[in-house]
Amino acid sequence: MVLQRSDGRTDNLQLRPPTTTLSPLSRADGSARFAYGKSAVLAAVYGPKEVRLRDELLDSAKIEVLFRPLVGLSGTTERLYEKTIREILESVILKHLHPRTSVQTFEGADDDSSSLILSCAINATILALMDAGVGLKSMVASVTCIIDDSNQLVLDPSAEEIKGAKSVHVFTFDNVSKDVTSCVSTGVYTYEQYKSVFEVSQSACASVQAVYRQTMENKVGGVETVDEE
Amino acid sequence: MKSDVVSPEGFRCDGRRPNELRRFNCDMGTASGGYAGSGADGAAYVEQGNTRCLVLVFGPKEPSMRSAVLHDRATLSVEFNIASFSSGERKTKLRKDKRLLEMASIIKSTFESVILMSSFPRSEITIQIQILQFDGGSLHTAVNATTLALMNAGIPMEDYVVACSAGFGNGHPILDVNYTEEGMDVPVISLGITPRSGKVILLNLESRLHLDEFEKVVTLARDGCTQMHEILDTAVRSSAEALAR
Amino acid sequence: MSGEQFLSTSERTFVVNALREGIRVDGRGAYEFRGLSIELGGGGFGSAEVLLGKTRVLANVSAEVVRPTANSAEGFVLFNTSFSPMASPAFEAGRLTEEEVLVSRMLEKAVRRSRAIDTEGLCIVAGEKVWSIRVDIHVLDHEGNILDCACIAAISALLHFRRPDVTVEGDQVTIHPMDERNPIPLSIHHIPICISFGFFDKGERVVVDPTHLEEQVQDGDFIVVVNTHRELCTMSKAGGAGLDVARIVQCTEVAAAKAAEVTELIRGALTKSNEIKK
C-alpha cells in the first residue's frame, strides 16, 4: 500500500526540501527566509552593534531575540520561541569576540502558526547570522518530528498532521559534534520512541545543513536565491 | 433626519451664510494676569463659535528628559487633550488615543517650522492644548490658540500661523464647519497658512471630496484664514497695547 | 541607542543640487514611482507582500465573528501596524513612534473613514454577531515611503481576502468551512491609493515616492489619498515648507493620475493570482 500524506508525500520519513532566500532585506546586516512547505519565517540580524548601557556585558556580546507572529501581538508562545532560540544562539555565536556589543535577531512568521514555525525560525536565524558574517562555532539546523495517533513516526509534518499528533519534537543538531543543541518535546512518548525520533532527526538535520552550505555557496558565487522545488 | 447643509434660502443650520466665520473671542493669558497660577509662560483662551480651547506654553526651559536635548535647536513637545466633558458623549479618553497623538504631532510639526527653534539650543518648549468644549474644528481652533499663546509667551516666530476650515455640502463650499455639519458627512479641509507669504503650511482632509470641488473649497478656506489673520492681529495688538499702558 | 545614522552635510547638498539639475539620486523622474511588485496569497487568502523599490511591507487580513457595540448593524475593520525592528535600526520593539502613529492613522482614515469597505455588509445578525476584519501590517524593510507601500499592501490584501460563507436560519448561524462553500470577497466601494510627495528647496521642487535618503533631506511632505473616481479621501500636510494653493492643486492632479496607474497594477496582480488559483 502506498502511503499518502496530506500534502502528497509518500513517505513518513520524507523531508520537504526547504526553500531558502538569502538577503531579502536591504537595511538589515543579514537576513534570510526559510520555509518548510507553507510555514515560512523571515529572520533579520543586526550586529554586532552598540549596546544599551544596562545590557552591556564586559566579556561577551549581548544576544537579543525577538519573535513576531503573523497575526496579532506576541504572547507566551512567542516568548517561549524567543527563549529557545536565544539559548541556542548563546551556545553557537562566538560572542566573546565582540564584548560590549549586542547582536539582535528578529524573526517574523510569514505564514502558518504550527510548532513547525520554531524549526523554521531557528534555521532562518542561523542563515541570517551567516549572511551577516557573525562568527559561529557551528551551523546548527532544526527539524520537527511527531509521533502520530497510530504511533507512527512522521518527519517534517504539515500543520494538519501536527494537530492529531501524540507528541511533537523539535530537535536542533550541531554539524560539528553531531550532538543535540536543543530539544523541545511536548506530549506523551516512550523512551524507544524518543530514541528513534532522535536518530531520524539527526540524519534529517544533516541534509538541512547541506542546504545551508548550498545556499551560502550560491551567495559567494554571486547568485543569491535558491529555489529547490 | 437628513436636511440640507445649506438651506434653499442660503442659510446654514446655525444661521450663518456659507462664507461666514463663527464668532471669535479670545483672551491672551498671562499678560492680563490670567492663568498665572499655572506657572505657564504664555497662555491663550480662544472661542470659535462654541468650540473653546485653552493653550498653555511653557519655556524655553531646561528639557525634562535628557534624551530630548538637541544641540543646535530647541525641542518642541505638544500635548493635545480633549476634556471628557467637552462633547455630548461622555467617554473617558484613553491617554494613548491615536487620534490625540496624531493631532499633537500635526501641531508640533506645524509650529516647528515657524518658531525660530535654533535661537534656543538645548532647551525645550512645551505646548499644552486643552479643548474645553467641542463644536467642530478643534484642529484649527487649537492652531489659532497656539499662535496666540506662543506670542503671549514671547517666543520668536517667523510669522503667524492662522488656520481655518472649509467644507462642501450640497453644492456649496462652506466656511468654518461646526459639529452638526461635520456630523452630516461634510468633507472638511483644515487649512493653516503663514499670512505674510500666503503659503499653506498645514492641510488636513478627512472623508471624501471630489477633485473638481477641491480648488473652490481650498480657496474659501484660504480667504477664511486671511479674515482670521486680521482678527488675530487685532487681538495681539490690543493685548500688547494693554501691556504697554 | 544608535538608531538612525545622521546624514552628512555633503550628502544633503548632493541630493538637493542633483534635484536642482532635475536629477534624482536613483535616476527616476520627479513624478515616477519606484518599481512596484505585489505578491498575493503567499499565506492564503488576504495576504499581500508589497515591494516598493526596496521598501517591503507585508499585510495580512483575518476575520473573526464578534459581538458589535450596542445594537449596531455594522462590522469592524481594525488596523494593526507593527514597525518591526527588523526594518530599520531606528525602530525599537514595543515603542510606539510618532511615525507609526501617523502611518496607522493615515491608513485608518484612507480606508475606514473614506468608507472604502462596506461595513454594513459585514453584519451577520444585527446587534448580535458581526464580522471583525483585522488588517495586520508588518513593515519588513524601510527604504523610504512606508506609508504608500503599506496602503497598497493593505488594500491589495483586502481585495484578495475571502471570508467564509454564512447562512442564518432563525437563530441558527452556520459558518461554512472554506472547502464546503465558496468563500466570499469583501464588498469594496472604491480603492483609495496613497501618494506621498516630498518637497525640497523651500517648496520649489517636488518629488513623488521619496526614498529613505530623500525623506531625510526633504523640507516637508504632502500626502494625498485619492481613488480612481478622482475623489480625494484624505490629505495631510503638517509643517515643513509652505506651499502655494496652485502647487497643492497641481499635486492633487498628479496624485490622481498616479493613483490610476497604481490601481491598474493592483488589478493586474489580482487577476494574475486568480488565474493561478484556477
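Residue 1 is the first one shown; counting continues down the chain.
Glycine too: its Cβ is placed from the backbone N, Cα and C atoms.
Copied over from TrEMBL:
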COMPBIAS  A:1-10  compositional bias 'Basic and acidic residues'
COMPBIAS  A:11-22  compositional bias 'Polar residues'
DOMAIN    A:14-134  domain 'Exoribonuclease phosphorolytic'
DOMAIN    A:139-203  domain 'Exoribonuclease phosphorolytic'
REGION    A:1-22  region 'Disordered'
Long-range Cβ neighbours of the region 'Disordered' (A:1-22) (under 8 Å; 6 or more residues past either end): 31-37, 40, 123, 127, 131, 143, 152-156, 158, 160-161, 200, 204, 207-208, 211-212, 215-216, 218-219, 224-229
Secondary structure composition of the compositional bias 'Polar residues' (A:11-22) [DSSP: H/G/I, E/B, coil]: 0 helix, 4 strand, 8 coil
The domain 'Exoribonuclease phosphorolytic' (A:139-203) - residue tally per DSSP class, helix then strand then coil: 18 helix, 25 strand, 22 coil
